[in-house]
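The following features are taken from TrEMBL:
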type	residues	note
TRANSMEM	9-29	transmembrane segment
TRANSMEM	49-72	transmembrane segment
TRANSMEM	84-105	transmembrane segment
TRANSMEM	172-197	transmembrane segment
TRANSMEM	209-242	transmembrane segment
TRANSMEM	248-276	transmembrane segment
TRANSMEM	288-314	transmembrane segment
TRANSMEM	326-346	transmembrane segment
TRANSMEM	353-372	transmembrane segment
TRANSMEM	384-411	transmembrane segment
TRANSMEM	418-437	transmembrane segment
TRANSMEM	449-472	transmembrane segment
Amino acid sequence: MRRELGSPLLLGLVGTLFIALGSLAVGWLGPGSNVRGWPIIQSLRGNDLLVHISTFVVIGAGLLLVIAWLKLGSAMRRNPADALKRVVVTSVVWALPLAVAVPLYSRDLFAYVGQGRLMAGGFNPYVDGISAIQGWFNIGVDPMWANAKTPYGPVYLAIEEATVTISGDSPIVAVALFRLIAIVSALAIAFYAYRLARMRQIDPGKVLWLVLASPVVMFNFVVAGHNDALMLALLIAGMYYALRRHPIIAILLVTASVGVKPIAVLALPIIGIIWAGQNRTLRSTVKYWVMTVVISGAVLGALGFALGIGFGWVLTLATPGSVSHWYAPVNILAIAVGGAFGAFGLDGEMPANIVKFVAIGAMVVVVAWVMLTKRTFDPLMRLALAFTATVILSPVIHPWYAAWCIILFAIVGIREGLATHLAVSASIFFACVSIAEGMDISDAVQGDILGYVIRTVFITGGGIALIIAYCIHEELSVKLIVQRLRSYRERRAIQKLNRAAAGGSVKPRTSV
């Protein structure tokens with residue numbers, strides 16, 4: 001009985017149930033939402049003590065889900081025979097309470113409603129911000145983005161308009177539909193990740209542990225309902241059909257992905273590389289790149305002009321870049337450089353901005369190298385590296401951006417050892433970042449400095465404790481990590497020698 005109580009499935013279920021319960025008091029609701037009038041919501045949100053307690057419930061339950069996920073991974077390694085079934089069943093059970101929770105970790109679901117109303121009202125979201133519609137504030141949109149132009153492509157704008165039209169005047173129904181789209185998309189990601197794993201002879205259980213069961217996915221796709229889930233679902237499906245030698249289907253799917261979030265454009269050159277075949281030359285590759293871009297551009301152009309918005313999204317790609325995150329390496333460097341100039345009484349803003357511009361330049365160089373190099377990279381590895389470079393070299397790294405990289409590397413195939421430990425550590429970190437996102441609490445609770453400090457210490461301490469516990473469980477140490485890095489470098493040196501001896505003919509990598 002004691003063993004059952006400590007099972008990953010039950011621990012995670014307790015966590016997600018308490019997240020759902022806590023969300024009633026601190027989850028995001030529009031100021032004008034009718035849900036605020038429900039008796040249970042009024043009784044919880046009208047009592048500051050209960051709100052304080054609920055913030056800790058949501059945080060503690062989130063950390064409990066991370067623990068359950070780590071225990072699930074350990075249990076799967078001990079019993080690989082039923083690992084696939086176990087991870088699927090566990091993921092579904094965990095997700096059920098989260099699917100009906102009040103939105104947490106982000107207010108983007110409400111932004112989707114606002115942009116849908118913009119479209120339905122005849123506005124152009126590439127020209128007008130959500131503040132152009134009457135009553136926008138009552139929807140629940142973050143005021144930070146009230147005047148911002150949408151960074152989404154025409155496909156998602158069409159989905160937003162259709163969803164808002166179907167839901168009528170009810171933001172609640174619209175939010176539920178947008179979340180449903182994200183959940184179905186997460187299942188589609190898992191489906192195609194599984195098929196790719198089978199195709200590439202990678203352990204599907206481990207892939208789905210990172211792709212489906214991960215708290216980063218649960219928090220950002222199931223609870224927060226980010227449209228990144230749809231973007232990734234279409235992109236990964238496109239990669240599957242590209243590898244199955246169905247280039248037109250692949251182009252259409254990836255084009256749809258670009259039409260959701262333009263970052264997916266990084267996948268179009270990969271399709272061209274796959275289409276050109278193993279014996280490709282630069283000339284043949286360029287030919288297939290041109291064909292891919294022409295087909296994709298024609299589809300996006302036709303859709304954009306049919307909606308009356310054209311290619312406006314190309315000019316608004318930098319919209320989310322107006323914020324930055326303390327943990328982004330580029331932002332840390334920019335702050336350090338700016339601070340150093342400021343310490344000498346000089347203007348630090350310009351040097352900080354120069355650092356960010358240099359990082360963007362480095363991003364372009366790295367992505368170009370990944371696409372153009374003659375090294376025998378697996379196509380999916382090229383894609384994962386391109387996305388990772390784009391994320392790491394940006395001052396903006398939302399937790400759902402990290403999900404792009406973790407999921408893409410998972411379908412490439414992550415070797416046991418250092419690569420797995422890195423993926424797990426990143427998942428723990430960004431799960432904790434998600435947990436630390438703001439909640440819908442009153443000014444009185446928000447202004448309670450002691451409560452804020454305790455919550456911050458709780459999350460930070462919990463995250464550090466989880467990583468330390470994981471390292472102890474996996475018998476990791478700094479010395480061991482250094483040894484493994486040295487061993488990796490030695491293996492790479494041997495591979496280079498073998499490649500030189502074989503005239504450059506080596507088998508493409510299928511895992512990292």
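Cβ atoms are placed via backbone N, Cα and C, with glycine included.
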*What else in the chain is close to the transmembrane segment (248-276), if you only count residues 6 or more beyond its ends and a Cβ gap under 8 Å?*
151-156, 159, 227-228, 230-232, 234-235, 237-239, 241-242, 284-285, 287-289, 291-293, 295-296, 299-300, 303, 313-314, 317, 367, 371, 379-380, 382-383, 386-387, 390, 404
_Pairs 6 or more apart in sequence, C-beta under 8 angstroms, 3 or more of them: is that satisfied by the transmembrane segment (418-437) and the transmembrane segment (209-242)?_
yes
*Mind checking which residues reach the transmembrane segment (172-197)? Cβ under 8 Å, same chain, six or more beyond either end.*
33-35, 88, 91, 95, 99, 103, 109-110, 112-113, 116, 159-160, 163-164, 166, 203-204, 207-208, 211-212, 217, 221-222, 224-227, 229-230, 232-233, 236-237, 239-240, 243, 380, 407, 410-411, 413
*Can you say which of 209-242, 326-346, 353-372, 449-472 has the most Cβ pairs under 8 Å with the transmembrane segment (384-411)?*
209-242
_Long-range neighbours of the transmembrane segment (449-472), counting only residues six or more past its ends (CB under 8 A)_ = 52, 55-56, 59-60, 63, 66-67, 70, 421, 424-425, 428-429, 432, 435-436
